[in-house]
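Q: A single structure is presented below for examination.
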Amino acid sequence: MMSGPRLTHIDSAGEAHMVDVGDKAETERVAAAEGFVRMRPETLALILEGNAKKGDVIGTARLAGIMAAKQTSNLIPLCHPLMLTKVSVDIVPDDALPGLRIEAMAKLKGRTGVEMEALTAVSIACLTIYDMAKAADREMEIGGIRLVSKSGGKSGDYRRGGDQD
């Protein structure tokens, strides 16, 4: 039998389980993720001018992303509850898209990584943007949600290479 990548959440009987991280060393863990919401140029202008019916789209989406990162273990069944030390969500306009680009970073000192927290922050920020602007543009597209980098832990550091939009 070949040795290679394996699914850590599946036991020898093929059953899903939560990984035991009790014996792992505590290290600083940082992960970054990104995504985008593509929309019509006039929808982007509406958001940037602060004229969306539901209010401050970017500010609300930023807070939603931060709140979501803190709730990841309640949303994804096998994620450990974590004591995050920092979560940031940055949302910037991109006229070339056109739309908004979302980047999130999650950090802690602990025994397991924060990739899912960063990805959850981006996902929920994107969904919040869609929710708040859907009255103006139901054809918005959410995409490109992916891990950009992670550091810390036994598996080492990772940085996504090349532009893969």
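Cβ coordinates are placed from backbone N, Cα and C, and glycine is handled just like the others.
Taken from Swiss-Prot, the feature substrate binding site applies to Leu78, Cys79, His80, Met116, Glu117, supported by sequence analysis. The active site annotation in Swiss-Prot covers Asp131, and the record cites sequence analysis as its basis.
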Q: Would you mind listing, in sequence order, the residues at least six apart from the residue listed as 'active site' in the same chain with a Cβ closer than 8 Å to its Cβ?
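A: Listed in sequence order, they are Lys54.
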Q: If you take the centroid of the Cβ atoms of Leu78, Cys79, His80, Met116, Glu117, the listed substrate site, which other residues of that chain have their Cβ within 8 Å of it?
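A: Nearby residues not in the site list: Thr72, Ser73, Ile76, Leu82, Thr112.
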Q: Within a 10 Å radius around the Cβ, which one of these binding-site residues has the most neighbouring Cβ atoms: Leu78, Cys79, Met116?
A: Met116
Q: Cβ atoms within 10 Å, counted per site: which of His80, Glu117 has the most, among these binding-site residues?
A: Glu117
Q: Based on DSSP, name the secondary structure state of Met116 (substrate binding site): helix, strand or coil.
A: helix
Q: Consider each pair of residues in Leu78, Cys79, His80, Met116, Glu117, all listed by the record as binding substrate, and report the largest Cα separation in Å as a whole number.
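A: Largest Cα to Cα distance for the substrate-binding set is 13 Å.
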